[in-house]
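Inspection log for the structure reproduced underneath, given as structure tokens.
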Amino acid sequence: MSSEKVKNDNEPDDTDDSCGDESASFTTNSTTSRSKSPASSTRSKRRGRRSHKSKPKSGAAYKYDTHVKENHGANIFGVSFNTLLGKDEPQVFATAGSNRCTVYECPRKGGLTLLHCYADPDPDEVFYTCAWSYDLKTSAPLLAAAGYRGVIRVIDIEQNEAVDNYIGHGQAINELKFHPHKLQLLLSGSKDHAIRLWNIQTHVCIAIFGGVEGHRDEVLSIDFNMRGDRIVSSGMDHSLKLWCLNTQEFQHKIELSQTFSQEKSTLPFPTITKHFPDFSTRDIHRNYVDCVQWFGNFVLSKSCENAIVCWKPGQLHQSFEQLKPSDSSCTIIAEFEYDECEIWFVRFGFNPWQKVIALGNQQGKVYVWEMDPSDPEGAHMTTLHNLRSVATVRQIAFSRDASVLVYVCDDATVWRWNRRHAAAI
């Protein structure tokens with residue numbers, strides 16, 4: 001275990017909410033910097049755009065608890081809760097920044113407890129993203145992390161060491177996501193314009209998404225839908241693409257990967273390359289699309305335009321099966337607007353039950369929307385701000401029951417906020 005220490009800048013206390021530290025309002029290239037806006041901050045007109053203002057809600061949804069500062073002093077780009085743990089198990093999350101992945105527990109009484117810190121052997125590594133799974137044989141928690149060097153590390157948290165490394169992407173990896181049901185399947189999106197699907201149990205690359213009609217620039221964000229049979233991706237080319245996994249060919253490859261053994265086979269695994277997405281559009285955003293997640297059959301995505309857009313591929317009445325690869329039309333359902341977030345690689349958080357979204361900005365503020373899946377336009381928004389939170393908020397994560405919200409910042413700080421009402425979401 002690394003000897004890294006974290007500086008606790010503020011111990012949790014029982015002071016009144018009205019103290020001055022907390023306020024609530026209701027209302028590609030290799031030189032590209034993750035702290036610069038890629039274009040003018042002026043928002044452009046979207047095709048089919050609907051103007052929508054979130055409804056203000058009386059009272060902030062979350063209350064400040066504590067924050068710590070990691071001693072590497074560098075940007076923390078990623079944060080992820082281990083939502084695979086049970087309701088009565090500890091609330092654990094990991095951060096990704098510098099060449100380290102740091103694991104914390106959120107005690108029920110408040111505060112943050114440092115559990116582990118993994119330091120990559122390469123001091124030049126910068127982790128951008130991390131994601132949780134577990135060993136199917138031992139049930140030990142596993143943390144996958146990747147970043148600048150383009151190498152995926154799979155870390156055994158209990159042993160605090162990398163047990164597997166995956167090399168295939170030619171450049172940096174911007175995001176990792178595990179399959180929601182088959183937790184040995186890992187998805188990675190890279191600066192090399194490609195997306196890869198891995199089986200970390202048998203150590204093979206099942207599929208590569210990209211090529212002829214793939215992304216034309218860095219892949220910045222990826223996500224599985226809740227059934228795990230579709231992928232959405234977004235990138236610097238301003239495009240959003242859908243890729244289907246429910247075809248006979250893909251299902252066969254996934255099944256084959258479960259039993260494949262490199263030691264027993266004289267041939268490498270027959271990786272499939274998918275050159276053509278099942279849907280693609282550039283009509284939603286006019287800038288880098290740096291975060292995308294599924295919201296039921298809808299998609300949530302954001303760019304450097306001060307709005308998260310909720311949209312659906314094709315017409316509102318169309319099913320996915322009715323979409324054609326040549327069709328780029330889409331329907332915008334709602335927009336969730338915010339202020340002062342015009343740089344790229346700032347990612348929103350969505351709780352596992354898809355009821356709360358949160359996004360930070362360049363001033364250290366966090367916007368929280370409470371969602372109604374049957375009426376996305378009816379979302380209620382509140383703003384969280386602590387006067388000591390002044391750096392760009394890079395990513396937000398929720399605990400399994402959304403009782404804890406955690407975010408990470410460019411000044412190496414990690415912030416914990418607790419839901420005001422005891423009832424879980």
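Note: Cβ is positioned from N, Cα and C throughout, glycine not excepted.
Note that the coordinates shown come from a computational prediction; the quantities given were computed from them, not determined experimentally.
Residues or ranges marked as compositional bias 'Basic and acidic residues' by Swiss-Prot: 1-10.
Annotated region 'Disordered' per Swiss-Prot: 1-64, in sequence order.
Positions annotated as compositional bias 'Low complexity' by Swiss-Prot: 30-42.
What Swiss-Prot records for 43-56 is compositional bias 'Basic residues'.
Residues annotated as repeat 'WD 1' in Swiss-Prot: 71-116.
Long-range Cβ contacts of the repeat 'WD 2' (126-165) within its own chain (Cβ-Cβ under 8 Å, at least 6 residues beyond either end) map to 1-2, 74, 77-84, 92, 94-101, 103, 115-118, 120, 171-178, 183-184, 186, 188, 190-192, 198, 200-201, 203, 345. Residues or ranges marked as repeat 'WD 2' by Swiss-Prot: 126-165.
In the predicted model, the repeat 'WD 3' (168-208) has a mean pLDDT of 98. Taken from Swiss-Prot, the feature repeat 'WD 3' applies to 168-208.
The repeat 'WD 4' annotation in Swiss-Prot covers 214-253. Remote same-chain partners of the repeat 'WD 4' (214-253), defined as residues 6 or more beyond its termini with a Cβ less than 8 Å from a stretch Cβ, comprise 28, 38, 172, 174-175, 177, 179-182, 185, 187-191, 193-195, 206-207, 270, 272, 274-275, 277-282, 284-294, 296, 299, 301, 303, 313, 320, 323, 344-345, 347.
If you look up Swiss-Prot, you'll see 284-321 marked as repeat 'WD 5'.
The feature repeat 'WD 6' is assigned by Swiss-Prot to 340-379. Residues of the same chain lying 6 or more positions beyond the ends of the repeat 'WD 6' (340-379) and with a Cβ under 8 Å from any Cβ of it are 34-38, 41, 52, 54-55, 57, 60-62, 77, 83, 128, 174, 220-221, 287-288, 290-291, 293, 295-296, 298, 300, 302-306, 308, 310, 333-334, 385-386, 389-398, 400, 402, 405, 407, 409, 417, 425.
What Swiss-Prot lists as repeat 'WD 7' is 388-424. Note: the repeat 'WD 7' (388-424) comprises 0 helix, 19 strand, 18 coil (DSSP; helix = H, G, I, strand = E, B).
Tallying C-beta pairs under 8 angstroms between the repeat 'WD 7' (388-424) and each of 71-116, 168-208, 284-321 places 71-116 first. Long-range contacts of the repeat 'WD 3' (168-208) within its own chain (CB-CB distance under 8 A, at least 6 residues past either end) are made by residues 28, 84, 128-134, 136, 142, 144-152, 154, 214-224, 226-228, 231, 233, 235, 243, 250, 253-254, 257-262, 269, 271-274, 345.
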